[in-house]
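As annotated by TrEMBL, domain 'Amino acid transporter transmembrane' applies to 1-357. According to TrEMBL, the feature signal peptide maps to 1-18. Under the heading transmembrane segment, TrEMBL lists 196-218, 238-260, 281-301, 307-328, 340-364.
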Amino acid sequence: MVLSWVITLYTLWQMVELHEIVPGKRLDRYHELGQHAFGEKLGLWIIVPQQLIVEVGVDIVYMVTGGKSLQKVHQLLCPDCKDIRTTFWIMIFSSIHFIISHLPNFNSISVISLAAAVMSLTYSTIAWASSVHKGVHPDVDYSFRASTSPGKVFNFLNALGDVAFAYAGHNVVLEIQATIPSTPEMPSKIPMWRGVVVAYIVVAICYFPVAFLGFWIFGNSVDDNILITLEKPVWLIAMANLFVVVHVIGSYQIFAMPVFDMLETFLVKKMKFDPSFKLRLITRSLYVAFTMFVAICVPFFGGLLGFFGGFAFAPTTYYLPCIIWLVLKKPKRFGLSWTINWFCIIVGVLLTILAPIGGLRTIIVNAKTYKFFS
């Protein structure tokens, strides 16, 4: 986990630095950076599919998370009420996005994004603090969940994908940096890097205590989402789950905005549609409906994390920035920069190959006992 934090912070620094590598021009999209490095067509084909998979994959996971967190709140606050299907909770969560997805750009969701960041820090603190207050579980078990050797290996691979999924900012960092004014005296990379460092400190405060203390308290019985494992105090855990909902509402929009931009640009420039509110309404509503439908069909939080973490996040987060850096900066062969970048590339490629295997196997195992639309 610490190694992934360091590697992804380094590759994020590279992207911030490369944003204005062309004098007088700002590379405001990940695919524009890829096109500058690999050529107009090749850069587009290398970056855009990977970026789309990441952004759509994240939004599907956020649909599952939001729905299950709402369900947990209902179960905690009304234990005697009739249970409502997970499917319906995901639909309730998605209804919010059918409305706010029509906000025009990143600036218009800045308040939602800030609320999401605050909520993330708050519910993470509640999660690990509540765990510590609860104390170590009497029959805590720190052994592997799986009893067979193949099961242990597949779970390990899935866990690698889970870790990779935690770092997704690379896919939207250039779009965010594009909103920051840039002058020769104060290039955008300076305030952007400060923001990135603060964000990564917050990420460390959120992730590390939850992961390490959660395992120490509950061992291998902890759920993929620790807030599902916790039950008391009821009011505090319910509030934490509501904070999760607010967080994923904002985060969903952050990752959906670049998808909206790409879809609408394609429809207007290539398909010759008129840029109108009607086009935006149909396009964005269909996207929200698609992510909702997939989330309903495959609501397996842990498996989705592992699969998307390796299949899509590892390329865009761990090694594509390094390859672009090597192409554009051309560091001295076997020098420090060259060596670090190749190390990151090797780690990222291994993640891309291995993690999806574990994630897919987890989804298949869970699907055996799952009834669709339950």
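Even glycines carry a Cβ here, placed using N, Cα and C.
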Exercise. Quick one: do the transmembrane segment (281-301) and the transmembrane segment (307-328) have at least 3 Cβ pairs under 8 Å, skipping pairs fewer than 6 apart in sequence?
Worked result: no
Exercise. In the same chain, which residue numbers or ranges, 6 or more beyond the ends of the transmembrane segment (238-260), come under 8 angstroms Cβ to Cβ?
Worked result: 29, 51-52, 54-56, 58-59, 62-63, 65-66, 69-70, 72-73, 76-77, 93, 96-97, 100-101, 103, 105-106, 109, 112-117, 119-120, 122-123, 126-127, 130, 168, 171-172, 175, 225, 227, 230, 280, 283-284, 287-288
